[in-house]
Amino acid sequence: MAEAEEDCHSEAVREGDDDDENESPAETDLQAQLQRFRAQWMFELAPGGGSGNLESRPCRAARGSLLRAADTRGKQELAKEEKARELFLKAVEEEQNGALYEAIKFYRRAMQLVPDIEFKITYTRSPDGDGVGNSYIEDTDDDSKMADLLSYFQQQLTFQESVLKLCQPELESSQTHISALPMEVLMYVFRWVVSSDLDLRSLEQLSQVCRGFYICARDPEIWRLACLKVWGRSCIKLVPYTSWREMFLERPRVRFDGVYISKTTYIRQGEQSLDGFYRAWHQVEYYRYVRFFPDGHVMMLTTPEEPQSIVPRLRTRNTRTDAILLGHYRLSQDTDNQTKVFAVITKKKEEKALDHKYRYFRRAPVQEADQNFHVGLQLCSSGHQSFNKLIWIHHSCHITYKSTGETAVTAFEIDKMYTPLLFARVRSYTAFSERPL
């Protein structure tokens, strides 16, 4: 093809020379050079253009060497990633077999080759080492879309062995493992975890240990007992909830693993100075603390002391704080679907020592009276937390005279001085259990 093009160009040159025979020699020579340049240029453009491609061969050689180097680097990266993948899977297998030191070595070697190898592996077998079962997973997407984890975990444990075991020891030990306990004993341990303080938060954390513990933590009897302890006979029926756990989590209730706190600040005018040119103003701050207990008891304290010093004293009802108010509370849900908390509290009785100095003197009779306070609070949720806010709706003082039986009631106006109480969780309140659920 190149030779045909060259012949065509040669004929064109000859025809041009025949037509320009009458031109001057200088113009003829210039025209001949131009035709030769065109012919050489077309020849170099043609594939396999002979000696004309000698100048472009170094470029093509450099380009080819770059492509070969890139291909080599790509193959090396693939080989390195495959080696890291094998080491990582070997580490997972060693970890499941209990050889932790060997597993760490393989993990280190794999991540030295490819730091993010963990995210580049598609597992065909579950890599978790919780000892519940090495169940094979056909599709990760289907596993993530399962809504009912409880039935799924029960199915996995059923397929694992003929004898149902909630968990298996990860490491061999001469001591008796918790998996050897019967189901009844293990459930009793879980009731101790919840305790009489209704620490369901610890139960949820315990369910994250393994699949077997997840099944135990979802036992309906535990959640039913917790609901009965909070609402009593008013929660005999599940409607409109689908489970006891759903009722406990979604139905409005007061919280027991902390204390509700409010802070009130106001400005008070001081006494005028002697010269009459200066009058002091005082900023007054005080706190209200309300602590609820699952058995229906409540504590309330109004004091200027900050939470750092007061909160530890409210852990139990046997506090030595003199100004503490003790009583009972109940939950009430009106027709407007607003849950309210009503409490009757009174000051802790103090035992007065007998004064022997004046025992022979006749004293004027003192009219004895019982004083208690009636409190009404509306339970609300704010932010991302549930049932963490109490709004004042009622506060009154009732004084009953024992001699006449009459009761004097003084109602206080709910103004801006009654700031809402916000819940603060206290870890020490659920640090240990005194009685099981």
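In case you wondered, yes, glycine gets a Cβ from its N, Cα and C as well.
According to Swiss-Prot, the compositional bias 'Acidic residues' annotation covers 16-26.
For the domain 'F-box' (175-226), residue counts in helix, strand and coil come to 36 helix, 0 strand, 16 coil, using DSSP. Among the features that Swiss-Prot reports, domain 'F-box' is placed at 175-226, with the record citing sequence analysis.
Feature annotation from Swiss-Prot assigns region 'Disordered' to 1-29.
If you look up Swiss-Prot, you'll see 84-117 marked as repeat 'TPR'. Taken through DSSP, the repeat 'TPR' (84-117) splits into 28 helix, 0 strand, 6 coil.
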**Request:** Let me know the model's mean pLDDT on the repeat 'TPR' (84-117).
**Result:** 81
